[in-house]
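Input: a single structure, listed below in structure tokens.
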Amino acid sequence: MKWAYKEENNFEKRRAEGDKIRRKYPDRIPVIVEKAPKSKLHDLDKKKYLVPSDLTVGQFYFLIRKRIQLRPEDALFFFVNNVIPQTMTTMGQLYQDHHEEDLFLYIAYSDESVYGGEVEKKE
């Protein structure tokens, strides 16, 4: 997926910001959330989030659902490196497993499993 945040900010700028955030808020996770291509959902009002590391993916789903004003019956999928993360995974664990070199975690959201995403399995 092409990330607008990456296109708008070069690697050095993103890395410096990611590093600054992680030093200042070591118990929080810097997350970039963008709509997947072909998704019919609304755009978020902001892309960048700073979330507690003990927040679960399920709780983050709830937060994003509210921000895009989804009805309870509307589907919402997250993708991290083309994988659908489990809802009980903490954002800290997801970050540890999937953050990029710029120290941000990138999450795409969609109203359908557009990537044919696989559910992440716990070992």
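Backbone N, Cα and C atoms are what each Cβ position is placed from, and that goes for glycine too.
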Q: Select, from G18, G116, the one residue given the annotation phosphatidylethanolamine amidated glycine by Swiss-Prot.
A: G116
(Q) List every residue in the same chain as L50 (site 'Required for the interaction with unc-51'), at least 6 positions away in sequence, whose Cβ is under 8 Å from its Cβ. (A) I21, Y25, R28, I29, P30, V31
